[in-house]
Amino acid sequence: QSGANDLQTKADRLVQMSICASLARKFPKVTIIGEEDLPPHDVAEELIEDGHCEEILRKPCPPQYAGIKEEELVIWVDPLDGTKEYTEGLLDHVTVLIGIAYGGKAIAGVINQPYYNYEAGADAVLGRTIWGVLGMGAFGFELTEAPAGKHIIVTTRSHSSTLVNDCITALNPDTVIRVGGAGNKIIQLIEGKASAYVFASPGCKKWDTCAPEAILHAVGGKITDIHGNSFHYNKEVKHMNSAGVLATLRNYDYYASRIPNTVKQSLVP
C-alpha cells in the first residue's frame, strides 16, 4: 500500500510543482493555493510550461473581467483529483483541476483528463482539456443533458458512508454511478451521463470544486453545499467543503428540495 501512496505523492507533487511554478513565473502577483503543502523551492526548468493556448487567446475576455488586477485572483490547484483511482489504475477517473476565483467566486476553470481515451486503442488521441469562463461558455466537450425523467445520481466511489447512502436513497434514484474525483463527476453532468452529483459528507476541498464549478456555471448548471449555500473561494476561506456537495446541470431545485433534514442537520457548513 505504501508503494501506491508513494507513487501518488510523487505524481501529485511533480504536477503541482509544474503548475504552480509555471503560473507563478507568468503571474507573480496571483495567490495560488494547491492541495499539496509544498515548500517553496527551485523547480527544475523542464517542469516549467511557458507556452499559451492560442484558441483561448482568440476569444474576447468577458467585459465584467476586463479590468481585473492580477493580485485580485486566487487560483486553486488540485494536481491529481481521483488519487485513489489513479493508484488502482482507473485512469479515466483522474483529472487535473485549475480553478480561478475573483471576489470569492469561481469564474474560470480547467479540467484536464490526461488519460482520456486510454482504453480506446493505439490510434486514439490520449487526453483532453475542458475549460470554461463565466460569460463565455465552456469548451472541449459536447454539452449533453441527462435523459429526461431519469434520476441518475453520481457520487463518491471511495468515501462512502451511511449518511452519503441515506441521502442518495432519499432521492429515489433510477441509477447510482460511483466514480472517483470531483472533476470527473462534473464531467458526468455536462456530458449527460448523470443528472445530479450528490455527496452528503465533508471531505471535498475548495481545490476540488473551484474549476468544476466555473465550468458547470458557465453552461447554466449549479453547485452548492447540501444546504444550498454557494462556495466561497477567497484566499482566507477554509479549505474544506464541510457541508458536502450538490450539483446539477438542470433541475437543481428538484434535488435540493428532496435532501432530508436529517442529512442537513448532520452537515454543518
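Yeah, the Cβs are placed from backbone N, Cα and C, and that goes for glycine too.
Curation plays no part in TrEMBL annotations; they are all automatic predictions.
Record features, source TrEMBL:
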type    : residues                           : note
BINDING : Glu35, Asp78, Leu80, Asp81, Asp208 : Mg(2+) binding site
Near the Cβ of Asp78 (Mg(2+) binding site), how many other Cβ atoms are there if near means within 10 Å? 31
Can you give me the residues near the recorded Mg(2+) site, meaning same chain, not Glu35, Asp78, Leu80, Asp81, Asp208 themselves, Cβ no more than 8 Å from the center of the site's Cβ atoms? Asp12, Val77, Pro79, Gly82, Thr83, Thr95, Val96, Leu97, Gly181, Ala182, Gly183, Lys205, Trp207
One residue among the binding-site residues Glu35, Asp81, Asp208 has the fewest other C-beta atoms within 10 A of its C-beta, namely Glu35
Under 8 Å by Cβ from Leu80 (Mg(2+) binding site), same chain, sequence gap 6 or more: Gln8, Ala11, Asp12, Val15, Tyr86, Val94, Val96
